[in-house]
Amino acid sequence: MLIHPQFDPIAFSVGPLSVRWYGLMYLIAFLLFMTLGRVHARRRPELGWNAQQLDDLLLYGMLGVVLGGRLGEVLFFQPAYYFSHPAEILAIWKGGMSFHGGFLGVLVAMWLYGRRSGKGFWQVTDFIAPLVPTGLAAGRLGNFINGELWGRPVQTDVPWAMVYPWVDALPRHPSQLYQVAGEGLLLFAILWVYSARPRPLKAVSAMFLIGYGVLRFAAEFFRTPDPGIFGTLSLGLSTAQWLCVPMIAVGVGLLASTRTDPAH
């Protein structure tokens, strides 16, 4: 059995400036996005992306992630708390970002970017889909370092079970690390390989929706459910699981619709 290290929330300080782990993880995520985006553009030059377009895409994506992720946390998971403490809504350095809200925010941002750049919406989402899991991995690692979003108590004796002393003395699943491995590394590997070859328009986006939806749905069985708009558990499923259901359905529908389309 392991004990959570209880990291200092401050990663490092430079003079009066303190950098929190959560903010550092976001910086790492954006750097990974830019680096891998350039690699992806070079290996698939026929997609027609240049460095300036990638810089603009990052700016739009960053705004979509931060604004959408925070609003999603407020509206989907903790509306009562944030409506009672409205000043906390802007305190993103303390953590509390919803993937599903960030996902919707990115969709809006990519639509706006597509209109500005002249690229089609699906052309944009197909390009960024393989890059997103690295950001998810960095975010979940930040959750683990912050000691938040811990797992459910283990039902069997497993050597990697972890005690979070500020919660209770029960050994729990380190579900944040499960999500780093699943929604982060595994999903990245699948999409990176899948997108290396020409695919029909929308196919890579569809694979992301299916892959993320399935992996997040599974991870929720090991994670302590967040309170949310559907209640902590509704019909045996968490709010995040309910939000994954339409993602998977849309992904399957999109993928099916591309079966006879030409690869690009």
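Every residue, even glycine, has its Cβ placed from backbone N, Cα and C.
If one looks beyond the transmembrane segment (14-34) by at least 6 residues along the same chain, the residues whose Cβ comes under 8 Å of a Cβ in the stretch are 7, 54-55, 58, 61-62, 66, 93-95, 128, 131, 134-135, 138-139, 141-142, 145-146. Look at Swiss-Prot and you will find 14-34 (among others) tagged as transmembrane segment, backed by sequence analysis.
If you look up Swiss-Prot, you'll see 57-77 (among others) marked as transmembrane segment. Within the same chain, residues 26, 30, 33-34, 37, 89, 92, 96-110, 112-113, 124, 127-128, 135, 226-229, 239, 243 sit at least 6 positions outside the transmembrane segment (57-77) and bring their C-beta atoms closer than 8 Å to a C-beta of that stretch.
Annotated transmembrane segment per Swiss-Prot: 89-109 (among others), in sequence order.
Beyond the transmembrane segment (127-147), the same-chain residues lying 6 or more positions past its ends with a Cβ under 8 Å from any Cβ of the stretch are 4, 6-7, 9, 21-22, 24-26, 28-30, 32-33, 36-37, 40, 47, 49, 57, 61, 65, 95, 97, 99, 106, 110, 164, 166, 174, 176-177, 179-180, 183-185, 187-188, 191-192, 194-195, 204-205, 207-208, 212. What Swiss-Prot records for 127-147 (among others) is transmembrane segment.
Taken from Swiss-Prot, the feature transmembrane segment covers 176-196 (among others). Using a Cβ-Cβ cut-off under 8 Å and counting only residues 6 or more beyond its ends in the same chain, the transmembrane segment (176-196) has close neighbours at 40, 43-44, 126, 129-130, 133-134, 136-138, 140-141, 143-144, 148-151, 204, 207-208, 211-212, 215-216, 218-219, 222-223.
Here Swiss-Prot flags 202-222 (among others) as transmembrane segment, drawing on sequence analysis.
Per Swiss-Prot, the feature transmembrane segment maps to 235-255 (among others).
Panel annotation: around the transmembrane segment (235-255), residues 76-77, 99-100, 103, 202-203, 205-214, 216-217, 220, 223, 225-229 of the same chain, lying at least six beyond its termini, place a Cβ under 8 Å from a Cβ of the stretch.
Same-chain neighbours of the transmembrane segment (202-222): 99, 122, 125-126, 129-130, 132-133, 136, 151-152, 173, 175, 178-179, 182-183, 186-187, 190-191, 194-195, 237-238, 240-241, 244-245, 247-248, 250-252, 254-255, 257-258, 261, counting only residues six or more beyond its ends whose CB sits under 8 Å from a CB of the stretch.
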